[in-house]
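> Reproduced below are the annotations present in Swiss-Prot:
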SIGNAL    1-66  signal peptide
TOPO_DOM  67-479  topological domain 'Extracellular'
DISULFID  Cys121-Cys149  disulfide bond
TRANSMEM  480-500  transmembrane segment
TOPO_DOM  501-1117  topological domain 'Cytoplasmic'
REGION    529-557  region 'Disordered'
DOMAIN    541-812  domain 'Protein kinase'
REGION    874-915  region 'Interaction with NCALD'
DOMAIN    887-1017  domain 'Guanylate cyclase'
REGION    1096-1117  region 'Disordered'
Amino acid sequence: MAGLQQGCHFEGQNWTAPHWKTCLPCQGPWRLTVSHLKTVSSISVLSVVFWSVLLWADSLSLLAWARETFTLGVLGPWDCDPIFAQALPSIATQLAVDQVNQDASLLPGSQLDFKVLPTGCDTPHALATFVAHKNIVAAFVGPVNPGFCSAAALLAQGWGKSLFSWACEAPEGGGDLVPTLPSAADVLLSVMRHFGWARWAIVSSHQDIWVTTAQQLATAFRTHGLPIGLVTSLGPGEKGATEVCKQLHSVHGLKIVVLCMHSALLGGLEQTTLLHCAWEEGLTDGRLVFLPYDTLLFALPYGNRSYLVLDDHGPLQEAYDAVLTVSLESSPESHAFTATEMSGGATANLEPEQVSPLFGTIYDAVILLAHALNRSETHGAGLSGAHLGDHVRALDVAGFSQRIRTDGKGRRLAQYVILDTDGEGSQLVPTHILDTSTWQVQPLGKPIHFPGGSPPAHDASCWFDPNTLCIRGVQPLGSLLTLTIACVLALVGGFLAYFIRLGLQQLRLLRGPHRILLTSQELTFLQRTPSRRRPHVDSGSESRSVVDGGSPRSVTQGSARSLPAFLEHTNVALYQGEWVWLKKFEAGVAPDLRPSSLSFLRKLREMRHENVTAFLGLFVGPGVSAMVLEHCARGSLEDLLQNENLRLDWTFKASLLLDLIRGLRYLHHRRFPHGRLKSRNCVVDTRFVLKITDHGYAEFLESHCSSRPQPAPEELLWTAPELLRGPGKATFKGDVFSLAIILQEVLTRDPPYCSWGLSAEEIIRKVASPPPLCRPLVSPDQGPLECIQLMQLCWEEAPDDRPSLDQIYTQFKSINQGKKTSVVDSMLRMLEKYSESLEDLVQERTEELELERRKTERLLSQMLPPSVAHALKMGTTVEPEYFDQVTIYFSDIVGFTTISALSEPIEVVGFLNDLYTLFDAVLDSHDVYKVETIGDAYMVASGLPRRNGNRHAAEIANLALDILSYAGNFRMRHAPDVPIRVRAGLHSGPCVAGVVGLTMPRYCLFGDTVNTASRMESTGLPYRIHVSQSTVQALLSLDEGYKIDVRGQTELKGKGLEETYWLTGKVGFCRPLPTPLSIKPGDPWQDRINQEIRTGFAKARQGLAEPRKSGEAGPGP
């Protein structure tokens, strides 16, 4: 039989790879003639030849069996990408493996084998395939996907295997990751440095392998300091290409577009679509150069090779004129194999098929791996795949398209060629060559044909100089002198303009009707606080008397004093016959009247509104600086609300609130947020008109860089949560939140957040750090529902959800149906209401208080023992109490977990409420105390808090029998066919009882008796009352006829083996008890009960069970 034959044909640069065929020689039938029978002697000769052939074949098989095999794996997306599959990895690897195995100088005594490992096109699946074959192969060729190069390198290092990949970057100096080609990023940088193009864009296909390639390429470019204008990927179809073209249009100064996708020359549809779109959008007119990335990974055929996609004289042929193709150089004489060499000199019947040029890249990687393995074995490392990168230095062997050469550091050296078209033909023409040993680009004599006749403009050379700082393509050192001169001239001109403007502004500040600076000659300071009536005095004469230092002249409400001494104790003065208020700055702070501060003061001066206090000027006196504001004699809104002698009805409140909203609306229309709005800086004048004050104070301090005093926690109760968390700058939405807090104050006449009962620090912390949201509580009877809803809308957590002041103003006016409120009429109505009988009101409040007191005491006595409740009411300490003899009852529901899982939460709550209401009714007929219920657990004690001698065991035993009897007939409403199996545990002994906690205090029991009773319940069985020996002794001492059966030794957690008993009845107890299950040791009774519960629920869900009321008797268990 003929052996397997191989072959490969090369036709110039248009090379093809073979199909494999098994060629069997034609064997005709044996034809025996008389001549054969007569030649007897020939039989012996044939026999000798036959046995000799057999012995020779056997020796060859033994020799092959004795050779050690090194298996390598070829990773790649061979199964999911048709263009990658055209590389024929099986044939390429087989050719290389056969060449190695046939070379006697390579791997003597060993042989090379391979496995092709399809990885899929996505990174997770590729990494999983890589990990799955760690024990099958000794080294890897790949990966092709750079997305998992780093992970694969780390894993391979741990496994002691090497990776030979043309897609992965690796540090110099060998190791387990060996690049089989020079860095693609370095090749592109060398080409672009030669042409002087620095501004890049990278467009990739949507496939994972190409997206990752684009990202790593962009990272490499940014590492070299190059500007990357765009990194994007193509969406599906022509729409995605159109979107990318629009993005390329928008990038300023772009020169190069790297295309990370399959080349259009090899059938890449994405690149074909993108180039067609670029041609339609006019991007192929010479302004851009498109550069395919995938051709850097193989030797693309050129010369006499024609490409059909460029032979149609269509848009793609014209668009490809703007494409420069960089590919490995390919020389016909450099091919490692010819058809004769690969077939071993034998004739082969092969059918040619066009394949991807990546075929040769795979072949070279296997050859490089084989030579590294040969050197490793020569140096005594054995046939191991570890650290093969240390053995590829200074290598020079025959490759597929050119010789495989490496330098002294193991870096691959190769030659690249730049290919171009003229926009009319279908062939690629070499124009430049790049040798990676020198990284120099040399022209080959034929110039590049650029669309439009000229290449894109050069970028600044500083982009490619690692020792030069390049800012937007300009070398700063070249224009430093010009910039310095321009800056000096600009500074001189600016200083001159500044001083001239400052002088003019100083004149305006002190003269004219719009002056801002006020002096001591214009203010009169009084000894006493002014009355609500406006005094009429001659401000000019009064000012002169103060300045002259003589005896003060008599005025209406007081006398003037010497200015320096009196200013420390007053904030009120007279200015042009009107009372004014001085908002003083901190001691030692002298406002710096710089232009920004003066502009701010003029803005304040121009604000005039009846609901905003007027800013009259800035007073600077000896040791005192203050803002002069309009004075309102009735004080702040906070003072007004705290005045209990003043009754405020809704009309009065609405009038104040409407004034507040109008004033704040005016500030917001002037683009002036308040930032510190609170009821303390809302003042009321003599006509009960509310005005907003204190606006601009903090901003003025900030405008001339003066320190802003740190507010106390009580001052921050009106501040919005986003301002508490952030820098605290004034915002319009922050004022809306403050308005909502003032609304709460006015409606309730209480301080902010008073209903929480917390300190200011705690409230601020809760407001600033939700959830939960912390907001004031306002009952519906404290104001109109519409006003409360508006208030709640204003304090929304998200600032964008709060309404604007225009919306608030419109909504608030609608609350009063647009009517104007009169404060005088409101005060008259309040006086009429105040004349009503207070005695009836006091009597009504007294009766309500007594009723609430009785309710509270009754509720407290249900939650705690009466003695404990009384002590808590009196405020005395509840001391823990020791009880020497008590009996504790624990019970739970068997299968409760399964019941809960099969029921809705509301059904579980209803079922437990029905069951425990039934149990609570049983408690009334026994001397017991219910301690607590937690989930399905029910805890009762007797002998505490009221001692009952030796009756505690009997009371609990009687209770347990009653509960067991009632539980046997109990049925759930939503699953009436499911029986409720209760198990109980009893134990007697001493314990300690006391109250734990101040918030929601609980009466708790402590001691080993509690734990033992719980263990008795947890080790019991359904429809059983598990009793400890101490309880049995107490019951037998009473001699009341309790029926007790011995259970035997029971393992109790923390106790070991103890003798326990079943309480099965009592003489004279006539109620029926449910029949316990027949349970043997080791019997999985829990599974049986859970299955029964599931069956019952299934019936209930299907409507097979008859509906019953909860607690109604049903069929016995």
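Positions of Cβ are set from backbone N, Cα and C atoms, glycine also.
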> Among the disulfide-bonded residues listed here (Cys121, Cys149), identify the one with the smallest other-Cβ count within 10 Å.
Cys121
> Which secondary structure state does DSSP assign to Cys149 (disulfide bond), in the simple three-class scheme?
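For Cys149 (disulfide bond) - judged by DSSP and reduced to three states - the answer is helix.
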> Would you kindly list the residues that approach the region 'Interaction with NCALD' (874-915) from elsewhere in its chain, counting only those six or more residues past its ends and only Cβ-Cβ distances under 8 Å?
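Residues packing against the region 'Interaction with NCALD' (874-915) from afar: 868, 928, 933, 935-945, 947, 950, 952-953, 955-957, 959-960, 963, 967, 970, 972-975, 978, 980-995, 1005-1006, 1009-1010, 1013-1014, 1016-1018, 1022, 1031, 1034, 1086, 1089-1090, 1093-1094, 1097, 1110-1111.
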> Taking all residues of the domain 'Protein kinase' (541-812) together, what is their mean pLDDT?
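Per the prediction, mean pLDDT sits at 81 for the domain 'Protein kinase' (541-812).
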> What does the DSSP secondary structure composition of the region 'Interaction with NCALD' (874-915) look like, as residue counts for helix, strand and coil?
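The counts are 19 helix, 13 strand, 10 coil.
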